[in-house]
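Lifted from Swiss-Prot, the feature list:
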type	residues	note
BINDING	CYS426, CYS432, CYS471, CYS475	[4Fe-4S] cluster binding site
BINDING	CYS475	siroheme binding site
Amino acid sequence: MSKKLHDNERIKIESNFLRGKLVEGLNDNTTGAFIPDDVQLVKFHGLYQQDHRDYRAERKKQKLEPLYSFLLRARLPGGVVTPQQLLEIDRIASELTDAGSIRLTTRQTFQYHGIYKRNLKSVFQELKFKANIDSIFTAGDVNRNVICTSNPMQSELHAEVYDWSTKISEMLLPHSNAFAEIWLDGEKVHETEQEPIYGETMLPRKFKTTVVLPPFNDVDVHANDLNFVAIVENEKIVGFNVLVGGGLGITHGDKTTFPRKADDFGFIAAEDILEIAKAVVTTQRDLGGRTSRSHARTKYTLETHGVEKFKGEVESRSGIKFLPSRPYEFTERGDRIGWIKGTDKKWHLTVFIENGRILDYPGKPLKSGLVEIAKVHQGDFRMTANQNLIIASVPESEKEKIEALARKCGLINDAHSKQRFNSMACVALPTCPLAMAEAERYLPGLVTDVEALLTKHGIGDDHIILRVTGCPNGCARPLLAEVGLIGKAPGRYNLYLGGNTNGTRLPKMYKENIDEAAIIMTMDELIGRWANERESGECFGDFVIRAAIIAEVIIASKDFHD
C-alpha cells in the first residue's frame, strides 16, 4: 500500500494555483494571521507568517493572540540593484515595516521583517511599482532565488553568470496570475491556467539553484540542488559542469536525514543551460518524495533512485548528453572585504554587514549612510551570499567620496577582524518560528569570545569559518563550516567540526546539546591545539581531521551520524 501524501500536497492541489483564501484572509481584520492552509500558501508569494516570540508569554497572559507579522523575501536573481532601487527598498523598510531594517540573506537578496498584515499589499505594490521588484517564488516548494558568484574582479565573466542567473529565474517562474491578482490588484484570469513546469502540486520541496564562477565558492555549491559551475577557457565561459543534489537541512534525532554534497553530472555547452535546468527541475518534480517533508529534497531523490537514473532522466527530457566534466578548483568562498579593481578598470568596494542587518545603530548609522551613498553612486549594488554588500562599478574619480561616506557611517571599520568577516548566522529568535536557540543575537558576542581565544593562543590574525543557526534547517550553512553550531534548545547547541575553507567538505557532530560556556571551553582547547600542532598553512578544519579529533565525512548517507 502506498504511503499517504503529506498534507501540504492537498493544500497545493486545492489552492487554485496558489490563490487559496488569501483575499478573504487579507480582508479579515479580526486577526493578524492567515488560516493554517494559507500560512503554507503565502510562502509561494515570498512571505513567512511569524510572531514576535519575545512577547508570546505576556500576550498570552493578556489573552491576546500572538503578535503576528510577516517576513518578505525579495526575488533578486544575482543580487544586483541600482541606487534608485536601493533608495526605494530603504524607504519601504522605514515606512511599512516594524523592524525598519533591510536584512541581507544567504540567498543573495534582502528580507523585510515585521510587516503587519494590514500593510502587506502596500509593501508588495510599492516594491513592484516603485522599485520593479517582486517576491514571487522566493519561498515554498519551487525554485527559489537564483544566486551567482558576486566577486567583481572578473567583471565581464561576472556579467555573464549574472545574466544566466536572471534567465534561469525567469524561466522557472510560475505561469499563474495569482500573485498579480492578490497583491497588485491585477485582472483575474478566467480561462483554465496551466503550470507546464510545476503542475498543480509544484515541487515536492524547496529547490535552490546557483551559477558559479570558480575559483570562488561564495554560493556554497554543496548547499544547493542545482549548480552550474562555469568553465573558463581563454577568458571566456565555454560551458558549465552541472552539480546536482546538494543540501544541508537535517532533523534533530532523525538519522535518516543528513546533509549531502552535490554530484557532478558532467559538462554542458553554455547554450544548453536552460534546457538542463528545466529537465532537472521536472525530474525532481516527478521522482521526488511527497510523503515526508524531511525526505523531499533532491538529495534524497538521488539517494532513493540513484544518480545514474536521475542523470539519465535529465538527458532523456532535455535531449542533451552530459560530456565528461571539465577540471576546475574552488580555492576560497569568503568575500574580499575592501576595494578591488575589476578587469573593467572600475573599483568595487565590498563592505561587511554583520549578520546582514542594515539598520541605524548607535554611533553606526549603516542604513542612513547607505542612503547617502546611493544618492551619489553611479554604479550598482550587489548583495552577496555571505550577507555582505558590494558598492560596485565606482569610477576612479568617485572612489575617495564613496570611501569617506562609507567610513562616516561605519560601513568601513578597520577594527573588524578576519574572524568576524568569516562568521555568519541566520535570523533565528525572536521572529523565526523554527528557531530553538539564538543565532543572530548570539553571534556578535560569540565572535568576540573566539577572537579573544585566537589572540590568547598567539594566532589573532588567523580565522575559522564559523556559522550559527537556531535550528537544523541550515539557513546560514553551518554544515559547510569549519565550526558549525546548530541550536538544540535555548542556550544549547550541537557543535560540528571538520568542514574546510573552500566549502567542499561536510563537518561532523563533535559535541551534542552543550551550553555557551562549554562551547567556549571546547574552542579554547581546540584552538590551543591548532596553534601549537598545525602544519604550515593548515586551516582549522583540516587540522581537526588530521589530528583525529573528528572523523572525515566521506559519504554522508553512511558516515555523517557515525
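FYI, residue positions are counted from 1 along the chain as it appears here.
Using the three backbone atoms N, Cα and C, a Cβ is placed for every residue, glycine included.
Contacts of CYS432 ([4Fe-4S] cluster binding site) defined by a Cβ separation under 8 A and a same-chain sequence distance of 6+ are given as GLN50, CYS426, GLY470, CYS471, in order along the sequence. Looking only at other Cβ atoms within 10 Å, the busiest spot among the binding-site residues CYS426, CYS471 turns out to be CYS426. Sequence-distant neighbours of CYS475 ([4Fe-4S] cluster binding site) (same chain, six or more apart, CB under 8 Å from its CB) are THR105, THR106, CYS426, VAL427, THR469, listed in sequence order. Taking the centre of the Cβ atoms of CYS426, CYS432, CYS471, CYS475 as the [4Fe-4S] cluster site, the nearby residues of that chain (Cβ within 8 Å, site residues left out) are VAL427, ALA428, LEU434, ALA435, ALA439, THR469, GLY470, ASN473, GLY474, ALA476.
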